[in-house]
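Per TrEMBL, transmembrane segment is recorded for C:35-56, C:76-102, C:114-132, C:152-176, C:188-214, C:234-259, C:271-289, C:352-377, C:397-417, C:437-458, C:478-502, C:541-563. If you look up TrEMBL, you'll see C:35-509 marked as domain 'Cytochrome oxidase subunit I profile'.
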Amino acid sequence: MSSPLKPLEQHWWSIPASRYEKLWVWISAVWGVVLFGWMVAWSFIGHQNQHGPTYRIDPMAYRSKLIAYREASVSTAQGLRPAGEDVYLAAMRYGFDGLPVVLKAGKTYRFHLSSYDVQHGLSIRPEHALSKQITLQLLPGYEWVIPMRFDEPGIYRVICNEFCGLGHQVMQGVFIVEE
Amino acid sequence: MALQQVDPSVQLNGTAEPSATMPPAGWRRLSRGQRLWRLIKSIYYASSPGWQVLKSGALFFFGFFCWAAGNLLHAYLPGVYWPKVLILYGALLFWWGPLTHLMLVPRLIPWLRRQQRYPILHWLGGHFSLTMFTVFFTTIGVLSLNPPSFMVLDVRGRLHRPVQVAQEPAAMLPELNCTRSSHQISCTLTHLPKTVVRIEVSSGTRRLLVLHAPQPTFTLSEGDLVEMLGTREFHVTLYTADGRPLREFVRTTAFF
Amino acid sequence: MSGLLLSGIYDAAGFRTCPVTGLRLHQSVERYVKLFALTAVAALLVGGISAIFVALTRWEVIGLATPPAFYKWLSIHAWNLLIFWMVFMEVAILYIGGPLVLGRPLPLPKLAGVGYAVMLASALLINHAIATTEAPDNAPLLTSYVPLPSPALFYLGAILFIVGVIIAALPFFVSIWQEKQEFPNRTLPLVTFGAFITAIIALEALLGGLITYVPTLLWRIGLIEHLDAAWYRQMYWIIGHGSQQINLAAMITVWYFLTHVVGGAEVVSERLSRVAFVLYLFFINMGAAHHLLADPGIHTSWKHWNTSYAVYGAVLASMIHAFAIPAGLEAGRRKRGFGRQGLFGWLWSAPWGNPVFSATALGIILFGFIGGISGVVMGQTQVNLTWHNTLAVPGHFHGTVVLGTTLTFMGLVYFALPVLFHRDLVLKPLARLQPYFYAVAMGLATIMMIYLGLLYGVPRRHPSVMSFPGTDFSFAAASPLFAIFGIAAIFALIGGASFLLIAAGSLLFGKRVDNPALVMPPLISGGVDDKPIHQYSMQGTFTLTLIFLAVFIIIYVLNWYLLGRLWAIG
C-alpha cells in the first residue's frame, strides 16, 4: 500500500507514475509557458501596460511641480486644461490635487502620479460604464509617469481604493474627456 | 457514520444499469454522438446524494458565472447581441439546474414512472431529460428574441441624470490653504458651499476648534497640535446639516 | 479542562495506538496538538464575530459599523482569521505531520509551551492594540502600509507573534532531525515531507516579517526617521504572501492525510507529489511581487518573472497536487472495491455523509475552481490593473483561505473530535449538512465579491460606496449584487456558527468514545496489493482536471479580452 503516513521502502524517485498524471504534468507545463509568454508578449503588442519611468522625489518638491503645472494650465469652470501633454496628479488626505482636469479624447497624455503623504489607490472609471476601471498604486516619494490615451469621451470618476485614514471614504475626484 | 450506498440508477429507457457511468450493452455499435448523448443522459438521471449535490452545485455556480460574465461583456460591448443570450442562459440555469437535480430527477421521475392511469405522465417519466432540455432551450430561444432587461445589470455611476458632458457643472470641492508663520498657522477655505454648517479642527484625539456656519478662515497655534513621528498634524472636517462629512483634510507641518 | 487534553489510555512510555489511523502517538504530542487546535478555533470565533460587522457594513442596506469602527472590525477580522486561526492550526499540523505521524514524542515540550504562551499573549496584545486604536494612529487592517501609522503596541505584538511561532516550530524541526539521526536511510512519509516543506516556507516568511516589523516599530517610536513606502511593501509581502503559501502547503498536506484516512486514498506518485512540494520550496516565495503589480518603481520584467513564480513553477506544483489528490482517491477507492465500474463511481460512493470527507472534498473543489483560478488570472501583470484593490481581491482570497483552507481545517477538527478528543459529534444531522451549507453560502458570497469588483469596480477596504459627499456619483448600481452578497454572508455566518456550536458542543457534551474507529471508520486498509497503485484507472480524475482546465482557459481569455478593450495605458 502506498500510504502518505508510512515511510517508504524504496527511494521515491524510482516509483513510477501513471501515464495520465504524466500527461497532465505536460499539459500544465505548456499552460504555464502560455501564461508567462502571453504576459511578456502583451508588453510588446498590447495597449494596456502599467509601464513608465519612476523618479524619486520629495513630496513637497512634487507639490511645487504640480503648482507650476497648474499655473501653466488654463483654469476653467470645468477644470484645468493642460497646456501640453503633461498632466500632474497627486493623491493626498483626502482628495486628488490636480483634479478636475479636462482632456481631449484620442490624445496621449503623460500622467505624472504621486502622493503627498501616505499610500493611496488611484482608481479610474468612466461614469457610464463602471466595469471599465483600472487602479494604480500611488506612493509618497515616487513620481510615476505613465502615458494614457482616452478614446471615449465622457466623465471619468476617480476614487481612492487604498486605506489612507478616516477620511478615505470621502475621497473622490473627476476629470472630463471631451471630443 | 456508515459508508454512503450507491443508489442504482433509475431505469434508462428500459435498460438497467448498475452504475451511472458504466457503458451499457451494445456500446460498441453506437456512434460517437450517440455515446455522448447516452453519457449525458446517464449523468442526468443519476440521483445518488453525491451526484445530486455536485450536479446542482456545479450548475448553480456555473449559472451565476454565465450571468455575471454576460453582464461584464455587455458592459464593455453594449451594442452587441450575444452577451444578452449568455445573461439569459445564466439567469435561468442557476435555479433551473438545482431544481431539476435536487428535486425533479430524484423525486418526480420515480413518481411519474409509477403512474399507470395517465400514459402521458408515464411517457414523461421515461423521456424526462429530452423533454426538460427541449423546454429549457426553447424558453431560451423564445426569450432571446427580446431578452428581458431586468436580468441585465446597470453599471452606470449616476443612475438618474442623463449624462451631457457639455452641461457638466464645475465639480469644485472646497479647498484648504494654510500658511505658517512664527508658530501660528492661518488657514483659508475656498469654494465653501452653503451646505456646510459645521467645521471641526482636531489634532489626534484633541478637538481644537468647532466653527458653526461656514467660516472661511481660522488660526491655530502650533503648540496645540499633537506631535507624531516628528511632525505635527491636524484634521479639518467639513460637516453638512445631516452630520455627514463633506470633505476632510489632513495637514502636517511638513506640508507648509 | 485537563480531561480534554489528557484523555486516552497511554502505556508506560506514554504512547497509545490510534485505532483509526494506526499511528502510535505520544501524549506530549497529543496534548500540544489539542492546545493549538483549540486556540485556533477560539480565534475562529472572534474572527467570525468580526465578520458580522464587516459583511453587514459592506451591505450598506444594513450598514452596521461606521468608520472608525469599521476599520477596526476589519483589522480584527483579518488578524484573527487570516493569521491566528490559520497559524495556531498550522503549528498543530506541524506537530501532527512531524512527531505524531513519525510516532515520536514531542521534543523540547517546554519550548512548545513557551512558543504557545508567546503566541497567545501577542495575539491578545494585537487584538487589544487594534481595539484601542485612536487618532493619530490608524487601524492597521492587515497590511499596515507605511507611512500610515498604526499603534506601536500593534507592531510590537506582530514581532512577538512571529518570535512565538518560530519558537513553537522548533520542536518540529528537532523531531525531523531526530528521525533522520535514528533512521538515516528511511524516507519521510509524504505527510511529514509536506509538513517539512511547510515549515521551511514558514521560516522564510517569518524572517521576512521580522525584517518588516522591527524597523517599522523603530520608526513608529521615533528611532528611525524615515521609512520608504515602496521598501515596506516589498518587505511586508515576504511575510504577507509567504503566510498564504504556508496555508497552501499545510492545506495540501492535510488533504493527503484526510483523503487517505476517511476516503481510502493512496499516494499515486510519490515522485510527482514530492517534486511538487520541492517546487513550492524553490518558487513559491518568489510570489510576493504579484501584490506589487500596480506599483511604481518596479521594472515590468521583474513583475512578469516574479508573479509567475518563475514561469509558473509553483503553479505547476499546484496542478500536480490538483491531479494527485483526486487521483489518489480514485485509485485508492478502486483498489478497495468502491465504484469499480464507471468513470465516477469512486467519487459518488465516497463518504459524503461524513463531514470530514465532505468538508475536505468541497474544499478541494472550491479552492481550485474559485480561489486558484482567480488568483492566477489576477496575478497576470497587466490584468491586475482591473483587479487591484477592488472587492474582487478579497473575493479571491476568500476563495482560497475560506472555501479552501478553512473548510479543510473544519474537516480536520471534525476528525480530531472523535479521534483525539474521544468525543462523538453532537447534532449529527447538522454536522452532516454544515460543510455543504457553508460551502454554498460562502461560495455565493465569495463570487459576489469577485463580480462586484469586476462588474462595478467596487473598492475594497471601503465602508460606504453608496454615496460620495459632494457628488451624485456612487456605486448605487451595485445594490442588487450587494444584496445577494449580504444575504449569502448571513447564511455563511450561520454556517460558521453551526460549526462552532458543533465543535464546542461535542467537546463539552459529546458522548465519550473510547474507540473512535466505531464512529469514524477508517478506510486505510482494503483491497489487495496485486498491482502497483499507479496502474489503477485515473480516467475520472483526468476528466475532472480537463474540465478544470477548460474553466481556467475561459476565465483567462475573458479577462484578457476585456483588458484589451480599455483605454490605452503605457
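Any Cβ shown, glycine's included, is placed from N, Cα and C.
With a cut-off of 8 Å on Cβ pairs spaced 6 or more residues apart, the transmembrane segment (C:437-458) and the transmembrane segment (C:352-377) reach 3 or more such pairs and are scored as touching. The transmembrane segment (C:397-417) shares more Cβ pairs under 8 Å with C:35-56 than with any other stretch in the list C:35-56, C:152-176, C:188-214.
Here the transmembrane segment (C:76-102) has Cβ contacts under 8 Å with residues 23, 25-26, 29-30, 32-34, 36-37, 39-41, 43-44, 46-48, 50-51, 53-54, 112, 115-116, 119, 123, 126-127, 130-131, 141-142, 161, 165, 168-169, 171-172, 175-176, 179, 188-189, 191-192, 194-196, 198-199, 202, 243, 246-247, 250, 253-254, 257, 397, 401, 405-406, 409, 412 of the same chain, all six or more residues outside its ends.
Among residues of the same chain six or more beyond the transmembrane segment (C:234-259), those with a C-beta under 8 A of the stretch's C-beta atoms are 82-83, 86-87, 89-90, 93, 96-97, 142-145, 162, 190-191, 194-195, 197-198, 201-202, 204-206, 208-209, 211-212, 265, 267, 273, 277, 280, 284-285, 287-292, 318, 321, 325, 328-329, 332, 356-357, 360, 363-364, 367, 397, 400-401, 404-405, 408-409, 411-412, 415.
Residues 319, 322-323, 326-327, 329-330, 343, 368-369, 373-374, 376-378, 380, 382-383, 385-386 of the same chain, all 6+ positions outside the transmembrane segment (C:541-563), place their C-beta atoms under 8 angstroms from a C-beta of that stretch.
Long-range Cβ contacts of the transmembrane segment (C:352-377) within its own chain (Cβ-Cβ under 8 Å, at least 6 residues beyond either end) map to 251, 254-255, 258-259, 262-263, 315, 318, 322, 325-326, 383, 387, 392, 395-401, 403-405, 407-408, 410-412, 414-415, 425, 431-432, 434-436, 439, 443, 446-447, 450, 520, 548, 551-552, 555-556, 559.
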